[in-house]
Ligand SMILES: NC(=O)c1ccc[n+]([C@@H]2O[C@H](COP(=O)([O-])OP(=O)(O)OC[C@H]3O[C@@H](n4cnc5c(N)ncnc54)[C@H](O)[C@@H]3O)[C@@H](O)[C@H]2O)c1
């Protein structure tokens with residue numbers, strides 16, 4: 001029993017490109033006793049576990065990897081959801097969303113009863129919408145359900161600004177906020193290098209054209225990588241592993257994460273303090289007038305998708321019941 005309490009585990013649902021890369025990152029930078037991979041594709045799952053296991057025999061492996069069931073995953077300290085269907089050619093976003101919601105709903109049914117202490121980290125797309133529905137389907141407190149949101153986009157932003165300013169990315173404080181998708185925006189008014197506002201630190205460069213170029217890059221980076229290699233995995237693997245560390249180490253780090261915004265009626269990314277109990281609190285941010293408008297437009301778009309999905313779900317008895325269970 002004592003040993004049981006000392007164990008820390010991270011369950012990863014989905015052993016595809018993102019799930020396996022996250023598992024590899026967690027094995028290379030150990031923060032928990034065990035990583036449990038879950039996937040209905042048994043052959044793929046076993047192969048991933050064996051391949052990942054081979055990376056742990058070098059002598060410094062503190063973390064074990066194994067295949068598990070949804071039921072076991074539901075008892076983990078952190079449950080990371082990378083499980084999702086890929087978009088078919090010509091498939092609408094709503095139809096993809098419906099398929100991913102069916103997967104999400106079946107995951108919660110299979111994990112039930114989920115540990116009341118579990119922290120859910122959504123990675124699968126559309127991450128803000130799935131985070132919204134995971135809140136409802138899991139029955140967990142709002143603070144324990146979060147999505148990676150724009151943390152990857154923000155990491156890309158830090159990388160570009162660091163190159164431009166010739167400083168370490170860790171000295172850049174700049175966030176992409178809103179949707180992990182088309183309507184995201186950069187909170188330029190709050191960006192700084194060290195304690196110097198970006199408008200002073202990069203005064204020569206900070207033209208509208210420069211900002212638009214950067215926004216286009218952070219918004220489109222994933223599409224370009226997917227077009228060339230079929231997925232993005234390393235960046236998100238690293239970002240998700242860092243978020244797991246902030247949670248397990250109760251580090252109270254501030255990051256832009258997707259979580260429920262009461263005043264906006266949807267999940268989207270805003271700065272939050274993250275620790276052992278998930279989202280500990282929102283970190284207030286003062287946006288300028290234009291950014292505030294962009295945030296509202298972004299929330300409006302997400303609410304419209306949620307409303308569309310909710311209408312569709314009413315026609316699907318199983319999903320409707322799953323959603324009503326914790327209403
Ligand atoms: N949020 C981000 O910044 C970000 C970045 C990259 C990718 N993603 C998203 O992550 C998701 C995964 O991407 P990928 O490239 O790994 O896809 P993938 O198709 O390689 O892997 C998905 C895996 O999920 C599995 N799965 C399906 N149903 C399941 C269930 N009920 N339980 C457990 N596993 C199940 C599938 O069998 C598959 O192996 C996608 O939705 C992708 O868009 C998000």
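Placed from the backbone N, Cα and C atoms, the Cβ positions cover glycine too.
Here is what TrEMBL says about this protein:
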type     : residues                                       : note
ACT_SITE : 180                                            : active site, proton acceptor
BINDING  : 14, 15, 16, 17, 18, 19, 39, 100, 123, 124, 125 : NAD(+) binding site
DOMAIN   : 10-147                                         : domain 'Lactate/malate dehydrogenase N-terminal'
DOMAIN   : 150-311                                        : domain 'Lactate/malate dehydrogenase C-terminal'
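Sequence features, as recorded in TrEMBL, placed on the structure.
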| residue | record | Cβ within 10 Å |
| --- | --- | --- |
| 14 | NAD(+) binding site | 24 |
| 16 | NAD(+) binding site | 18 |
| 18 | NAD(+) binding site | 26 |
| 39 | NAD(+) binding site | 22 |
| 123 | NAD(+) binding site | 28 |
| 125 | NAD(+) binding site | 22 |
| 180 | active site, proton acceptor | 27 |
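Spread of the NAD(+) binding residues is 17 Å (greatest Cα-Cα distance among 14, 15, 16, 17, 18, 19, 39, 100, 123, 124, 125).
Per-residue confidence over the domain 'Lactate/malate dehydrogenase C-terminal' (150-311) averages out at a pLDDT of 95. Taking DSSP states H, G and I as helix and E and B as strand, the domain 'Lactate/malate dehydrogenase N-terminal' (10-147) has 63 helix, 24 strand, 51 coil. Distance between Cα atoms for residue 180 (active site, proton acceptor) and residue 39 (NAD(+) binding site): 25 Å, as a whole number.
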